[in-house]
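> Per TrEMBL, the feature substrate binding site maps to Asn102, Ser128, Gly129, Gly130, His186, Asn187, Tyr191, Lys261, Arg288, Arg446, His452. Annotation source TrEMBL lists domain '6-phosphogluconate dehydrogenase C-terminal' at 179-468. What TrEMBL lists as active site, proton acceptor is Lys183. Residues annotated as active site, proton donor in TrEMBL: Glu190.
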Amino acid sequence: MSPTPSADIALVGLGVMGENLALNLHRQGFKVAGFDLDERKRDSFAQRTGATAPRSLQELVASLATPRVLLLMVPAGAPVDEVLAGLRPLLAAGDIVIDGGNTRYTDTQRRIAELEGSGILYVGAGVSGGEEGALRGPAIMPGGDAQAWPRIRPILQAIAARADDGVPCCDWIGPAASGHFVKMVHNGIEYADMQTICEAYFLMQQLLGMQPRQMAEVFAGWGRGELSSYLVDITADILARVDEETGRPLVDLIADTAEQKGTGKWASQAALDLGVTAPTIADAVFARTVSAVREQRVAASGVLAGPQASFTGDATAFVEQVRQALLAAKVCAYAQGFQLMAAADQEFGWQLPFGTIAGLWRAGCIIRAKLLEDIRRAYARDAALPNLLVDEHFAQVLARCHQSLRDVVAAAARHGVAVPAFMSALAYYDSYRSARLPANLLQAQRDYFGAHTYQRLDRPGKFHTKWAQD
Ligand SMILES: NC(=O)C1=CN([C@@H]2O[C@H](COP(=O)(O)OP(=O)(O)OC[C@H]3O[C@@H](n4cnc5c(N)ncnc54)[C@H](OP(=O)(O)O)[C@@H]3O)[C@@H](O)[C@H]2O)C=CC1
Ligand SMILES: O=C(CO)[C@H](O)[C@H](O)COP(=O)(O)O
């Protein structure tokens, strides 16, 4: 006789995230079963967790208590479709499938449509925190079929990180693909956060000639103040690390060619599709793409002219300006990310809980930062905030820091140091605070060559001018 199905949850995909989430679930007292195509991963999982690791999806499903809960942690794209195709004939109405990978939200929309009528409850859940977060407590952003939430809530909230006030970093995001959309925006902000930190490092290195060890101390100091965040902390650690073989700072030995898996690009594409201004997120993606053409850059560095100036100012004062510039740019990037979510909210009618989202990003995830508590408070003051920049707290932060952002961007331009994310954050700030922009001339140009019409400030309606004089 086969044993009574009793596992609380099945993990499909026992790689970096899957295995660590399984260990986390096991530690929290849940009975876990796991499956991976790779036999060695199944064996390692069974050894580390003491849980069952059946050899087929059929046996996996048979080991689960009903209604069944399955968490997919396979690579985004075709593997998710493959697993779903294998699972579908094995599942019944009321069973819950959670895709915890970095799935593009449009794929989640498609899969929800494909499962319609099956009774299977589908959840797209963004998970952030990397290997360590998966093991100790990630931030989790589930969205999809709300009927699944009462059943999966105790499981997901038990394994999630907790913010300082004890609130779990996992809450219901909304219907359809909202969970994966929010995770995509998280990653877009992550790209911008990482790029602005890299630009701060680059400026201190290129203009002030600072060594990684000195910059490690600077970042460690910043991490104790208003820039307190996981990414600043790990930057300090990285800069302090010495290569054992050569005795040199390890960071100096790492090739300056960035890779990417696509979530930042998707966030930028979504911004373009939804008509949202998110230049700092997009520039963070472009900063990776230009870094990747290293051979061309090396060749161009011997051909193309740039300024010869060397830095002559007060180094200590400049480091403080860079800190303020980093804070200002960070606020601009978060403002863009929240604008992107607001536009999706309008488009799809998701009713996204912006304050809750900021709250659950306070711990566990890669962008966790002190600033997120301020964002949570901003949305508590005004749930319909048109832009984070106009919240009273953040308007004051920008009032205090925008001049440093200007000075740093100007210094970078004068010395020929590329800081695309700082520059686009400043342009974003200045564009958003400008009551008048030159789009009046642009509209006239469109009307001139294409009779596209324009609107006037002094009366309603659409107008066309016959611009060319005979
Ligand atoms: N790593 C990270 O820091 C984070 C990753 N994510 C996301 O989580 C998901 C998983 O990532 P990660 O754990 O890093 O990836 P890994 O590649 O480490 O693990 C994925 C696992 O899924 C297995 N797999 C692939 N296809 C199937 C299938 N059809 N059936 C069963 N198992 C399968 C793979 O096996 P094999 O290797 O043999 O193909 C592999 O063991 C991705 O969407 C990723 O973007 C999200 C947050 C952070
Ligand atoms: O989702 C994550 C964290 O939240 C991953 O770390 C992210 O996918 C890394 O992205 P990339 O490889 O494009 O830098």
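Heads up, residue numbers simply count up from 1 along the chain you see.
Cβ atoms here come from the backbone N, Cα and C positions, even for glycine.
Unlike curated records, TrEMBL annotations are generated automatically.
For the listed features, I'd like the structural context: burial, neighbours, distances.
Over all protein chains present, the Cβ of Tyr191 (substrate binding site) has 27 other Cβ atoms lying within 10 Å.
A mean pLDDT of 98 is what the model gives for the domain '6-phosphogluconate dehydrogenase C-terminal' (179-468).
A 10 Å cutoff on Cβ-Cβ distances gives Lys183 (active site, proton acceptor) a total of 29 other Cβ atoms nearby, all chains included.
In sequence order, Leu231, Gly264, Ile366, Ile367 constitute the residues six or more apart from Glu190 (active site, proton donor) in its chain with CB-CB distances below 8 Å. In three-state terms derived from DSSP, Glu190 (active site, proton donor) belongs to a helical segment.
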> Consider each pair of residues in Asn102, Ser128, Gly129, Gly130, His186, Asn187, Tyr191, Lys261, Arg288, Arg446, His452, all listed by the record as binding substrate, and report the largest Cα separation in Å as a whole number.
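Looking at Asn102, Ser128, Gly129, Gly130, His186, Asn187, Tyr191, Lys261, Arg288, Arg446, His452 as a set, their Cα atoms extend up to 49 Å apart.
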> Measuring Cβ to any atom of ligand 1 with a strict under-6 Å cutoff, which of the recorded positions Asn102, Gly129, Lys183, His186, Glu190, Tyr191 qualify?
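The recorded positions passing the 6 Å Cβ test are Asn102.
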> So which of Asn102, Gly129, Lys183, Tyr191, Arg288, His452, listed as recorded positions, have a Cβ under 6 Å from an atom of ligand 2?
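Passing the 6 Å Cβ check against ligand 2: Asn102.
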> Could you work out which of the binding-site residues (His186, Arg288, His452) has its C-beta surrounded by the smallest number of other C-beta atoms within 10 A?
His452
> How many other Cβ atoms sit within 10 Å of the Cβ of Asn102 (substrate binding site)?
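Other Cβ atoms found within 10 Å: 21.
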> Report the same-chain neighbours of Gly129 (substrate binding site): residues 6+ apart in sequence with Cβ closer than 8 Å to its Cβ, ordered by sequence.
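Residues satisfying the criterion: Arg136, Gly137, Pro138, Ala139, Ala161, Gly364, Cys365, Ile366.
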